[in-house]
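What TrEMBL records for this protein:
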- His181, His202, His211: Cu cation A binding site (BINDING)
- His304, His308, His338: Cu cation B binding site (BINDING)
- Cys102-Cys121: disulfide bond (DISULFID)
- Cys120-Cys182: disulfide bond (DISULFID)
- 202-219: domain 'Tyrosinase copper-binding' (DOMAIN)
- 331-342: domain 'Tyrosinase copper-binding' (DOMAIN)
- 405-425: region 'Disordered' (REGION)
Amino acid sequence: STVNSPSTPIIIPSSPLQTSFIPKTSQLSIFKKKKPFNFASKKLVSCKASDRNQNNADSSSLNRFDRRDILLGLGGLYGATNLVSDPFASAAPIAAPDLSLCENSTVTSSSSGTSISVSCCPPKATNIIDFKPPRFSNIRLRPAAHLVDANYLEKFTKAMELMKALPDDDPRSFKQQANVHCAYCNGAYDHVGFPDKQLQIHFSWLFFPFHRFYLYFYEGYWGNPTSPLYDEKRNVDHQPPKMLDLDYAGTEELLSKRDQIKSNLSVMYRQMVTYKTPSLFHGAAYRAGDNPSPGMGSVENNPHTAVHRWVGDKREPFSEDMGNFYSAGRDPLFYAHHCNVDRLWNIWKLLLGKKRTDFTDTDWLDSSFLFYDDNANLVRVKVRDCLNSRTLGYDYQKVNIPWLKNKPTPRRPGRGSGSGSAMAAETNTKTVIRNAFPIVLDKLVRIEVPRTKKSRTKVEKENEEEVLVLQNIRVDRDVAVKFDVYINDEDDETPTEPEDSEFVGSFTNIPHNHHNPAVKLDTNLTLPLSDLLEDLDIERDDNIVVTLVPKEGKGLVSIGNIKIDFVRD
């Protein structure tokens with residue numbers, strides 16, 4: 001089952017059906033044309049950003065960062081950041097937390113009323129080394145799982161065995177590596193200088209860079225209890241040859257293998273191709289002193305969350321291991337999964353579109369984390385150090401991308417302009433809500449949302465994305481929820497699916513906790529509309545009808561407001 005794959009697309013099954021979805025060479029023209037990388041060349045492009053421009057690289061330097069030197073992720077920065085001597089004194093990047101103030105994580109379950117206290121705090125260190133890129137001459141390729149040979153797998157298995165054999169208090173041990181994710185994601189840290197603001201690296205623009213530093217090459221196996229790659233806390237109903245469901249909502253969908261493949265490919269197309277700007281892809285800005293969880297980017301929302309939920313064991317009280325942030329790092333599969341997520345960051349920047357770049361905001365570039373290297377030295381790194389995986393000494397093997405040709409299509413083509421207002425009138429008896437917020441999602445809800453700009457010039461279309469914004473989504477952090485969002489969908493009988501253009505996206509949550517369990521998750525969801533409006537031929541409509549369908553956690557989610565806006569980053 002390809003869910004175990006560290007680097008192959010998680011939506012490609014190992015089956016004869018795979019070939020029917022592989023695009024022809026001409027279909028790969030959606031990628032930007034790049035000069036092929038010469039592995040024999042010593043002129044490597046650095047991603048290290050200058051103070052003015054993240055792309056102002058020192059191309060003459062051969063210094064690079066070997067990922068072996070920052071192998072195991074951690075957190076910690078003793079004392080507040082010295083902004084007096086910092087050239088970005090007026091900025092507010094997130095600083096790595098103070099290890100001495102680390103607290104136990106509280107893991108709760110609203111449904112059962114149970115809770116446990118988990119010690120995720122890392123070993124203390126007396127010295128922190130600032131990152132300096134070392135020299136290296138070779139880029140190592142992380143291979144696609146279906147192309148891994150026996151020798152490679154043997155080495156990986158041995159590496160896992162050695163990590164698990166280390167003492168638990170060794171910062172390089174497998175237990176401590178798992179604790180890193182627990183501490184950063186389950187309320188163990190506050191912002192430096194802001195003791196009332198919890199640090200959370202999900203639901204924001206920190207998701208990709210943190211996990212890139214954190215992960216290393218893992219490959220997961222389900223079945224052999226004697227293997228160091230085995231984890232007993234996995235969903236027993238999802239063992240191979242069961243196919244991964246990227247639209248997973250906590251229940252089993254009775255789809256044929258072909259239909260499941262089509263659904264997965266459509267999910268990947270939407271999450272990768274239609275999200276065209278840094279904030280839509282990475283997530284919302286998150287600065288020192290901000291409330292946590294301002295808003296997820298596309299891949300973090302899905303497929304990232306779907307895989308966590310699909311693998312986690314529903315028999316366990318908190319859906320351990322993969323189904324809860326506090327325990328996800330205990331499953332070797334976590335690292336395989338995040339290798340693939342990391343790979344998607346590389347792919348996204350190669351797709352067509354001038355806005356597919358990383359942020360240039362110094363508050364993002366100078367956000368920092370700490371990682372233990374293979375000599376147990378604690379090393380401080382910044383986001384700007386990981387914008388290009390080649391700077392860390394690795395890249396991913398190039399394979400076909402089947403989802404590039406699986407663009408969703410309208411359920412009812414030809415509805416055309418005016419269908420939004422007409423639908424609102426037709427379904428008035430079905431309760432189309434207008435400005436009645438907050439909404440509790442205890443049933444299917446339809447909301448008529450006005451559009452502020454119905455006609456845009458070519459230049460405006462090139463420089464901005466029309467988006468649907470769901471504001472102040474509130475839910476208990478420790479529950480798994482999923483709701484789907486549709487646009488101008490008028491069919492109550494047949495469910496809208498990811499392969500339909502009317503399917504805009506979903507909101508998902510992996511159970512996690514704040515150090516104060518009473519504090520709800522309060523976040524936003526931003527979904528791109530520009531391509532969808534064009535596909536449905538409703539670009540000139542005054543209004544659209546938004547349909548919200550609770551799929552998991554019915555009645556547990558409220559939404560403060562819904563509006564249409566424009567993203568120009």
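All residue numbers here begin at 1 and follow the chain in the order shown.
Note: Cβ is positioned from N, Cα and C throughout, glycine not excepted.
For Cys102 (disulfide bond), the nearest neighbour among the recorded positions Cys120, His211, His308, judged by Cα separation, is Cys120. When DSSP labels each residue, the domain 'Tyrosinase copper-binding' (331-342) comes out as 10 helix, 0 strand, 2 coil, counted as helix, strand and coil in that order. The separation of His181 (Cu cation A binding site) from Cys121 (disulfide bond), Cα to Cα, is 10 Å. The recorded positions recorded for this entry are His181, Cys182, His202, His211, and the Cα of His211 lies nearest to that of His338 (Cu cation B binding site).
Spacing of Cys120 (disulfide bond) relative to His181 (Cu cation A binding site) is 8 Å (Cα to Cα, whole number). If you measure from the Cα atom of His202 (Cu cation A binding site) to that of Cys182 (disulfide bond), you get 12 Å.
Cβ atoms within 8 Å of the centroid of the Cβ atoms of His181, His202, His211 (the Cu cation A site) belong to the same-chain residues Tyr184, Cys185, Ile201, Phe207, Phe210, Tyr214, Phe325, Ala328, His338, site residues excluded. Each residue contributes its Cα atom, and for His304 (Cu cation B binding site) and His211 (Cu cation A binding site) those atoms are 12 Å apart. Ranking the disulfide-bonded residues Cys102, Cys121, Cys182 by how many Cβ atoms sit within 10 Å of each one's Cβ puts Cys182 at the top. Residues belonging to the domain 'Tyrosinase copper-binding' (331-342) score a mean pLDDT of 93 in the model. A Cα-Cα distance of 13 Å separates His211 (Cu cation A binding site) from Cys182 (disulfide bond). Remark: His308 (Cu cation B binding site) has Met322, Gly323, Ala328, His337, Ile510 as non-local neighbours, by Cβ distance under 8 Å and separation of at least 6 in sequence.
Cβ neighbour count for His304 (Cu cation B binding site) (all protein chains, 10 Å cutoff from its Cβ): 26.
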